[in-house]
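Notes to accompany the following structure.
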Amino acid sequence: MQHAETTQGRPFLEARNIGKRYGGLHAVRDVNLSIYPGEVIGIVGDNGAGKSTFIKMLAGDHEPTSGELLIEGRPVRFSNPRDAKQAQIETIYQDLALCENLSVMDNIFLGHELTRNPVLRLLQRNKMHIESRVLLDDLGIGIPSTHELVVNLSGGQRQATALARVAKAGAKLIILDEPSAALGVRETRALLDLILRFRSQGKSILVISHEMRDVFEITDRIAIFKRGELIAIKRTKETTPDEIVSLIIRGRQ
Amino acid sequence: MTQSVTQPDRNAGGFNLFGFARSQEGVVVFLLVALMIVVAVFSAASPYFFDVRNGMNIGRAISIIGIASAFTTLLMIAGGLDLSIGAVMNAAGVVAAMVLTQTNLGVGGAIVAAVAVGALVGWVNGMFIAKLGINPLIMTIAMQFVVRGLTLGFSASASKVIVDPTFLAIGQSYFHIGPLAIPAPLLWMLLTMLVLWFVLRFTLFGKYVYAVGGKASACRRAGINVNVITIQLYMLSGIGAALAGVVLAAIQGAGIPYGAGSELSVISAVILGGVSLAGGIGLIEGTLVAVLLVGVLKNGMTLMGISSVFQMVAEGLVLVGAVTLDRLKRRL
Amino acid sequence: MYKAAGLAAALAVSLLGVAPIGAAIAQDAAANPTLTQDPGNPSQARHWVTYDAGAGAYRVDPSASGDTIGWSAAKAAKAADGALICFTAESEEFDWDVVLVNPSMRRAAEAAGVELLLLNNQYPSTTKPIENADICVQRGADLVVSFNVFSEIAPAIMTKYNEAKIPVIAMDVAHPGSVFYGADNCKTGALAAQFALQWAKDKNWPLDQLQVVAGVDPAVGGAPNCRNTGFVDAIKAAVPQLPASNYYDVDMRTGELGPVAGAIAATTDWLTAHPDAKYIIATSINDDRAYGIAQAMKQAGRGDAAVDGIVVGKNAEKVALDAVRAGDTPLVGTVSFFGNKYGDDVIPLALDILAGKPVPSIVSVAHEVISKANIDTHYPQ
Ligand SMILES: Nc1ncnc2c1ncn2[C@@H]1O[C@H](COP(=O)(O)OP(=O)(O)O)[C@@H](O)[C@H]1O
Ligand SMILES: [Mg+2]
C-alpha cells in the first residue's frame, strides 16, 4: 500500500486560511487543508458545520471572503464553477445540481455537449446517448433509458446521473457532497468501488459523508469540521470511529 | 460491452397515454384539437369563415403577435420575461420610418436601425437582469417606460407616414404559391418560427435555453455561462420585437409611436401554447397553434358580429381555461 | 352620460351652498344665477357669463345677454402681471395633443405674456386629471383650462376648483359650471356626411346603394360617439330611401397592436364578409381609425376612391393630412376643428374671464372638412 505516503510531495490543491461569511454569519473560518494526488479525504461534521460551504469554495460555486487557494503551488481565484472546472476540479453537489426537465443524457453531457458544425453547433444526440449508456453501465447503477427525464428518476438514479457526468469529465480532484444519502445498499457499494477506482487512477477525492463505515473503508484522512472550523485532521489508519464521533460531537477526544 | 447495451435506447415500455397528455407534445395536440373544433364551429356559423382568403386574413392579423411570440417562447422557456416588447415594437416602427424619411440609408438601413434599437434595449435588460439579478418583471417594465418615453420624445409624438414601396411590400405584398396568395407577414412569421424551432430542437443554444429554464444554478455549476445565455435571450427578444415592429409599420404604412401594448397578448399566447411560467418547458409548435387559435377566435367572432369587448372576455377565458387544464392534468 | 354629469353637477353645486338655478332667477342682478348648465349640449342656450370670484362660480349676466357670437379673441383683455393659467392637457403622447393643441396653448400664452403651467392628464388615465386638479389649486392658478375627456369625473374636478374659487374653461368635453370651448362632436359627423354625399353625387354613385360604415370603438364611450352617430343620422336624413341593412357599425378592435392595426384588421374582416360592397362611405371617431380603414381598403385592392368608396376622418391628424395630400388612398377628407388654433382662442378667453369681462358660456371652434381642394390653404406645406 502506498497511500500512507501520499501526503508527501506537492499537494494538488492547498487551502490557506480559507473563510466564508454570509453577512454576519461566519460559515467557514480559517481552514487550512492540503489535498494530495491519489488520496481520499473524508469530511465529517454536524449539520451546519460548514462542510458544504467549504467544498463550494473549492468548486468555484462561492468565492471565499478570506484566505487563498493554490493549485499545484500556484495561487488561483475561482470566481465561478467554470474556473474550478478548468483547474480539473469536478463536483457532485448535495442537491446534485441536475436539470430535472432534461433527459439523463442531457444532464450527463450538460456543459460538455458533443456538437458538430462550429457555427450552428448542432447537437450529436445519438453519439451522446451511446456514450451515456456506456458510462452508466460502467457505473453499474440501473437506469433503463438515457432518454428518461430526470424528474422521473429515483434518488439513486439521479445520483448515478451526476456521477456519470463527473466520471466523464476526467478531473484531477473529485468532490462529493453526501453522495450516499439517497442510495440503497447495492448502489452505495458501487459508489464506494467507483471512488476507489478513481483513487487508483491517481485522482484526489474529497467526500463529505455521515456514514462512518464508508468513511473508514475508503478514506486516507478524515477532516473534522465544527462550527465552521476545521478542528482536526486524522489519518484514517491511526484513528477509530469512536474518536471521530466524539470529535464531531464534543470537539475533542 | 455487448452491442445491445450500447444501442441508444428508445422509450421503453410502449405508449403511455397519461404520460403523453402530461408532456409538452400533448399540449400541442390538445390545442390542435381545440383549434379544429373552433374552426368547425365558425365554419358552421359564418359563410365567410371557411375560405382561403379569410384564412390569409387571419394569417396576416396574427403575424405580428406571432413573430414576437416566437422569440418570447425562447425567453420564457429559459425562465425570462420581457414586458418591454410592445414599447420596442413602436420604437422600431418609428425608427424605421424616420430612417426612411430623413436619411438615404434605404430599406436595409431602416431595418438594421430598428433591429439595433431592439438589440440595445434587450442588451440593457439582459445586463441588469443577469449581472445584477434584478427581477425581470421590474426591469422590463422600467425599460417599457424608458423606451415609450424616448419614442414619443424623439418622434415628437407624430406618426410618420411611410411611402417607400419596397418597405411597404414587407407588410403588404403577397407571395403566390400556386393558387394561394400568402400575405408576406404570414410568411415572415412562419419563417421566424421555423428558424427558432430549429434552434430550440437541434442546436446547443436551444439545449441551453431549456437547461437554464430548468435549473439555472445547475447550469452555472456545469460550467455554462448562464449570464451570457440570459443576455443573448433578452437581446433576441428585443430583436424579435423590433422585427415585429418593422412588419407592423409596413402593414400600417406608418410608424406610429403610441397605442400598441402587445406584450401581454404575446405572453398569454406563449403560455396558452404550453410554456411554463416557471421555465424549462415549452415548444414553438405550441406557440404557433396558440397564436392561430386566438387569431381564429377573434376573426370568427368578428365575422359573427360579436363586439371586441366580448372578444377580450373570450381571450381571457381561453387563457384561464388553458392554465386550469394545465394544473389539472398534472394530477393524472 | 351628459345627463348624469348634469345631475352630479347640480348636486355638487347645491352641496357647496351656491344658489341653485330655480332660486336664483328671482333674485336681483347683483346675485345673478350661477352657471350650472351643461354647456356640452349643443341644443342648450348660450349665455354671457362673468366669473364671480367671491362666489367661486360663473354668473349668467342678464345685462350682457343676447348675441353670444360677438365675442372676439382679438379684443381680449391684456394679461395681468403674474397671472398663472393651469392647463391640464389631455396627453403628452398622442399627436392630436403633442403636435396640435399643446403647442398652440404654449405659443398663445407666450404671445399674451401669461404664465402657463402645463400638466399631463395622461389620457386614458381617470385618476391623473383629479390629481392634476389638486396641483393646479396648490400652485394657486388664477384660471384652469381643463382638457379632461371623461365627463364622469368632471364633477369631482370641478368641486376642487369651485372650492378654491378658480374659474375653469373646459376643453372638448363639458364640465358642469364651466365655460366650454371645443368641438361639437355631432357636427363633425354631420359635416363628414355632407362631404361624403357630395362625393357620391360627383361620382354619380347610386345613392340607394351606398354602404355606410361607421368605425366604432366600444371602449371609447360618451361624447365622441356622436362623431359616428352624427354621420349616420345626417345620411339617414339626406337619403331616406337607403335601406337600414346598408348601415354597418364596424368594431375597430383597438387591441394590443394599437388603433391603426386594429382598424386595419377589423376592416379587412368586414371587407371579406362583404366581398361585393361598393360605394362605401366610411367614417370613424378619429384619424388613426380612418387611416386604418383606408389602408385596409387599399390593401384589399378595393381602395379606388372613384369606385370602391371613401373614408372621411376626424381631427386632421398628420397621417390623415398626408394621405389626403397624397390622394392615393380612399381617405379623401378629414374634419378639422383646428387643434392647432385652440390656444389662439382659449388664452384670450381666459384673459377676458380674469379681467371680469363677460364671455360666452359656449365657444365653438370652427369646423371644416379638409380635402385636396383646401388642404394647402389651411395646412400649407
Ligand atoms: N447561501 C447561504 N447564505 C447564508 N447562509 C448560508 C448559506 N449557505 C449555508 N449557509 C449557512 O452556513 C452554515 C454552514 O452551512 P453548510 O456549509 O451547508 O453546512 P453543512 O454542509 O456542514 O451542513 C449554516 O449555518 C448555513 O445555514
Ligand atoms: Mg451540507
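Yeah, the Cβs are placed from backbone N, Cα and C, and that goes for glycine too.
Note that this is a predicted model, so its numbers are computed, not measured.
Lifted from TrEMBL, the feature list:
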type	residues	note
TRANSMEM	B:27-50	transmembrane segment
TRANSMEM	B:57-77	transmembrane segment
TRANSMEM	B:83-100	transmembrane segment
TRANSMEM	B:107-130	transmembrane segment
TRANSMEM	B:136-156	transmembrane segment
TRANSMEM	B:177-200	transmembrane segment
TRANSMEM	B:231-252	transmembrane segment
TRANSMEM	B:264-297	transmembrane segment
TRANSMEM	B:303-325	transmembrane segment
Task: When counting Cβ pairs under 8 Å to the transmembrane segment (B:231-252), the leader among B:27-50, B:107-130, B:177-200, B:264-297, B:303-325 - done: B:107-130
TODO: Report, as numbers and ranges, every residue of the chain located at least six residues beyond the transmembrane segment (B:303-325) whose Cβ falls under 8 Å of a Cβ in that stretch; write 'none' if there are none.
DONE: 30, 42, 45-46, 48-49, 54, 265, 268, 271-272, 290, 293-294, 297
Open item on the list: Which range wins on Cβ pairs under 8 Å with the transmembrane segment (B:57-77): B:27-50, B:107-130, B:136-156, B:177-200, B:264-297?
Closed with: B:264-297
Open item on the list: Can the transmembrane segment (B:27-50) be said to touch the transmembrane segment (B:177-200) if we require at least 3 CB pairs below 8 Å and skip pairs under 6 apart in sequence?
Closed with: no
- [ ] Report, as numbers and ranges, every residue of the chain located at least six residues beyond the transmembrane segment (B:177-200) whose Cβ falls under 8 Å of a Cβ in that stretch; write 'none' if there are none.
- [x] 52, 56, 59-60, 62-64, 66-67, 70-71, 73-74, 77, 169-171, 206, 209-210, 240, 243, 247, 250-251, 283-285, 287-288
